[in-house]
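*Asks:* OK, Swiss-Prot features for this one:
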DOMAIN    45-99  domain 'EMI'
DOMAIN    103-236  domain 'FAS1 1'
DOMAIN    240-371  domain 'FAS1 2'
DOMAIN    375-498  domain 'FAS1 3'
DOMAIN    502-632  domain 'FAS1 4'
MOD_RES   SER37  phosphoserine
SIGNAL    1-23  signal peptide
Amino acid sequence: MALFVRLLALALALALGPAATLAGPAKSPYQLVLQHSRLRGRQHGPNVCAVQKVIGTNRKYFTNCKQWYQRKICGKSTVISYECCPGYEKVPGEKGCPAALPLSNLYETLGVVGSTTTQLYTDRTEKLRPEMEGPGSFTIFAPSNEAWASLPAEVLDSLVSNVNIELLNALRYHMVGRRVLTDELKHGMTLTSMYQNSNIQIHHYPNGIVTVNCARLLKADHHATNGVVHLIDKVISTITNNIQQIIEIEDTFETLRAAVAASGLNTMLEGNGQYTLLAPTNEAFEKIPSETLNRILGDPEALRDLLNNHILKSAMCAEAIVAGLSVETLEGTTLEVGCSGDMLTINGKAIISNKDILATNGVIHYIDELLIPDSAKTLFELAAESDVSTAIDLFRQAGLGNHLSGSERLTLLAPLNSVFKDGTPPIDAHTRNLLRNHIIKDQLASKYLYHGQTLETLGGKKLRVFVYRNSLCIENSCIAAHDKRGRYGTLFTMDRVLTPPMGTVMDVLKGDNRFSMLVAAIQSAGLTETLNREGVYTVFAPTNEAFRALPPRERSRLLGDAKELANILKYHIGDEILVSGGIGALVRLKSLQGDKLEVSLKNNVVSVNKEPVAEPDIMATNGVVHVITNVLQPPANRPQERGDELADSALEIFKQASAFSRASQRSVRLAPVYQKLLERMKH
């Protein structure tokens, strides 16, 4: 009975445990990082925390999971050391840090956390030490000794030359008139300091970094009998101006100041809120070609997008960045903010020349390059940053440059440079027309395209959209990269030159002498009307050589039986359009005959029923034609399944003839005019 009771109690504890955990308060990011550091240090004894130190510096961080495995902070290697967690100390002869630190008053606790310089300056004032040692409840954000030592000499001199006013006020600004622990330090909050009730800005980032006026907490939550001490890495000062006021008084922001005024963003930048302004200097504007800069400054929408691309939705202090971080601007562009040693980077470039200029409504970082968003660019400017320079040169040579730099609403279908590895076509009337058919008469976004949609080109063609499981294609060409949406135009990067349809499937087959036997067979089987009318077909078209490679007996049987011939031909026709870019590892395509075709793509080679396609993607208005060098057999007609006496030998002849046909068919090709023009460029 006693055993049963114990088991029942254990079961209840297990059942209630998770519920109790869920009901408890969520830990702050700082506490979660501290907890991880404890876990990593527990092998060294109780209350031991793992700390990462950046090699060659005195910078230390409690370690999170990602940093633990990477062993890097801001790209610099780190070493792991093990220290007592906050609030604990070693005991001689004992493992780890088993003893809690004895509580003392704030003044004495400053010495415990290593802020002896703050103690020294406190002693110099007449009033502050008695307050720190007396009754009450306070929080002090105490600068480290290194923080005091790094102050400019003139600043330090001004403080110590008037200790009972300047120094006292500076120290009081680091204090709050109540106990505040890290769990209460919320991102974006302000605390009222003990100096003229001036605000202190608090930011608590998801990576566990906590900043006070952009100074990082080094050692937090050291309890005292009359409050708590947090050690920080900088001496902080009062914040008086908002972002707009700083822009107005700094000479290096003359151009930015004019741009902000013209855009109407000054109201936001002087209002409430918390922002990060990546503030371009005058030199940053001067680096932009005058034509581009004048165009943007003269376009209110582009100008607003440009400036919003330099504003983040919350305050981001430099100390919060310990690795690459994706952040979204007010304009909507994602920037990669990172660090390399002591330098901040944007999109991998060290363009921040001055950081952590604090404002009442955020923080400013000076940058030496303008961050022009796609939404403020022309199609030419979008293409300059993409792998489509060869295509852009062709558009320019063809006299289409005005369409790519003007204010027409267009979408450019630009093939990748790799498409032209074998050369580019001469610029003639056919090439110009082809290129015009790579420009859509509307500014599109790929996320709104749908299967079967038609798009009108500058060349007057109607192009179809095909949506597949893993690709989005326009005719035979598929989108190879994310859209770039500019001020008026959108850039689609395409995986090949687009071939507009030149006629129906029957027109395509009749126009190519490789298919004369297939055309005759289609006519004999009564399928001409089917392949001439509107529809969505995928035709695997056997060449003349494919028919000649059939065993004579098989060929005679087919040509002598219209019903059987129609059955075979329908097996070559899929009931939807499948271009090569839409083929995954394996697609089962239903044929008009009823059985399914197995279509696959491996190493950029399309195969149907495991036989390679000689030439894919000849587009027609009612489908697509893929050239094959063998005649496909429906499952019920294959020699092995019919028990044909000549099955083995016929199959061997078929394979040999198919191999010969694949080798020889290229010499007899007669392609439509666009395909001849692009023959050298096709994959």
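A Cβ is built for glycine as well, from the same backbone N, Cα and C atoms used for every other residue.
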*Asks:* Return the count of C-beta atoms lying within 10 angstroms of the C-beta of SER37 (phosphoserine), excluding that atom itself.
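*Replies:* If we count other Cβ atoms within 10 Å of SER37 (phosphoserine), we arrive at 24.
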*Asks:* Please report the three-state DSSP label of SER37 (phosphoserine).
*Replies:* helix
*Asks:* Within the domain 'FAS1 3' (375-498), count helix residues (DSSP H, G, I), strand residues (E, B) and coil residues, in that order.
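*Replies:* Counting residues by DSSP class gives 37 helix, 32 strand, 55 coil.
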*Asks:* Express the predicted model's confidence over the domain 'FAS1 1' (103-236) as a mean pLDDT, rounded to an integer.
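*Replies:* On average, pLDDT over the domain 'FAS1 1' (103-236) sits at 96.
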*Asks:* DSSP says what for the domain 'FAS1 4' (502-632): how many helix, strand, coil residues?
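*Replies:* For the domain 'FAS1 4' (502-632), the helix, strand and coil counts are 49 helix, 40 strand, 42 coil.
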